[in-house]
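Engineer: For reference, the structure I am asking about is given below.
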Amino acid sequence: MTKPTSTADKSLLGQTTPYCQAYDPTILFPIPRQEKRDELGFDLKTLPFTGEDVWTGYEISWLNLKGKPQVGWAEFVFSAEAPNLIESKSFKLYLNSFNGTRFESEDAVIACWQNDLSQACGKPVGVRFYRLDESIVLQGNLPGHCLDALDIEVEDYQVNPDLLHTDSDQIVSETLNSHLLKSNCLVTGQPDWGSIVVRYEGAQINHEALLKYLISFREHNEFHEQCVERVFTDIMRFCQPKKLTVYARYLRRGGLDINPYRSNYEQVFDRARLVRQ
C-alpha cells in the first residue's frame, strides 16, 4: 500500500463514504495550509497578504424541534491566517449531517457551525445564514478588463510562472480578469472551474503573458485556495507590483463553492456571484 504523501491524501476525497444521518462535527477534515505554503516560501509569520476564503453553501437544511425541515443558504468566511483549510468533501458531509437532526433554533445551528468550523481551521469563522424568503439578488460581473478575447497561442498546461513579464517600467493601476481558469483537485484530479481577478499597481503586466500563465493551471492539481496563493506569489515574484489583489470565484461542487481572496492592500472584497455560480 502506498504511503500517503500529504495530509490531503488521508482525507475522504476519492473514497466511497456513507452519508451521516445525524449531526457529527468529527467529519470535518482540516488540512494544514503550511504544506503548500512551504513550496511558495512563506509561513503564517511572513504572509505576504491578508485575505479570506468565502464558501457558499447552497444545500443547507435541518429539522426544527417538531421535525419540520428548515432550509436556506449560508456563507462561511475563513481567514487566510487560519492554520488549516477544510477539505471540501468533509465539509459537505458535515453540512449534510444536519439534515436529519433537530435543533431548537436557527441561532443554535449557526452556533454549531461557528464553533465546529473555528475549531477545525484554528481561527474564528464568520457565518452568514440567509432564509430563502429574505435572499437578495447577488449576481454580478467581475470588475475590470477581461483578457479572454486575446488571440494567443497556448502551449503550457502545467503552471509556468516564467511566462509572466512586464511590458515597461511605466507604473499603471489596472484590474484584469479571466473566466478561463481551470485547475484540478489535488487528490481526485476532478476539474475545478473558476473566474479570476488580478488588480495591481506597478509596472504594466503583459496581458498576453498573464492570460497564458492563468491558462497554464489547466492540468495543475491543487486546491482552490492554494491556486490563488500561487498566482499571488508568482505575480509578486516575476512582476513585482507595489500593490496586488488576486481573487477567484469557483463553480460549486457538492453544494459548495469556494471563493479565495488575497491582497497586500485591500480588506474588503466584492462577493457578487457570477452567472456560472
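Including glycine, each Cβ sits where the backbone N, Cα and C put it.
Sharing the features that Swiss-Prot gives for it:
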ACT_SITE  Cys185  active site, thioimide intermediate
ACT_SITE  Asp192  active site, proton donor
BINDING   Ile86, Glu87, Ser88, His224, Glu225  substrate binding site
BINDING   Ser88, Lys89, Arg253, Gly254  NADPH binding site
Engineer: Do you see any of the recorded positions Cys185, Asp192, His224 whose C-alpha is within 10 Å of Arg253 (NADPH binding site), and which ones?
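Structural biologist: So far as Cα distances go, the recorded positions lying within 10 Å of Arg253 (NADPH binding site) are Asp192.
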Engineer: In whole Å, how far is Asp192 (active site, proton donor) from Ser88 (substrate binding site) when you measure between their Cα atoms?
Structural biologist: 12
Engineer: Find the shortest Cα-Cα separation between the residue listed as 'active site, thioimide intermediate' and the binding-site residues Ile86, Glu87, Lys89, His224, Gly254, and name the residue that gives it.
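Structural biologist: Nearest listed residue in space: His224.
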Engineer: Starting from the Cβ centroid of Ile86, Glu87, Ser88, His224, Glu225, which together make up the recorded substrate site, report each further residue of the same chain whose Cβ lies within 8 Å of that point, ordered by sequence.
Structural biologist: Ile31, Asp53, Trp55, Leu85, Phe91, Phe223, Ile258
Engineer: In terms of Cα spacing, which of the binding-site residues Ile86, Glu87, Lys89, His224, Glu225, Gly254 are within 10 angstroms of Asp192 (active site, proton donor)?
Structural biologist: His224
Engineer: Determine, to the nearest whole angstrom, how far the Cα atom of His224 (substrate binding site) is from the Cα atom of Lys89 (NADPH binding site).
Structural biologist: 13
Engineer: In Å, rounded, how far does the Cα of Lys89 (NADPH binding site) sit from the Cα of Glu225 (substrate binding site)?
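Structural biologist: One finds 15 Å between the Cα atoms of these residues.
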Engineer: For Gly254 (NADPH binding site), which of the binding-site residues Ile86, Glu87, Glu225 has the nearest Cα in space?
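Structural biologist: Given the candidates Ile86, Glu87, Glu225, the nearest one is Glu87.
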Engineer: Check the recorded positions Ile86, Cys185 for other C-beta atoms within 10 angstroms of each C-beta and report the one with the most.
Structural biologist: Ile86
Engineer: Apart from Ser88, Lys89, Arg253, Gly254, which residues in this chain have a Cβ no more than 8 Å from the mean position of the Cβ atoms of those residues at the NADPH site?
Structural biologist: Phe91, Lys92, Gly255, Leu256
Engineer: Substrate site residues Ile86, Glu87, Ser88, His224, Glu225: biggest Cα-Cα distance, Å?
Structural biologist: 11
Engineer: Quick one: give me the count of other CB atoms within 10 A of the CB of His224 (substrate binding site).
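Structural biologist: Taking every protein chain into account, the count is 24.
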Engineer: Can you count the other CB atoms that lie within 10 A of the CB of Glu87 (substrate binding site)?
Structural biologist: 24
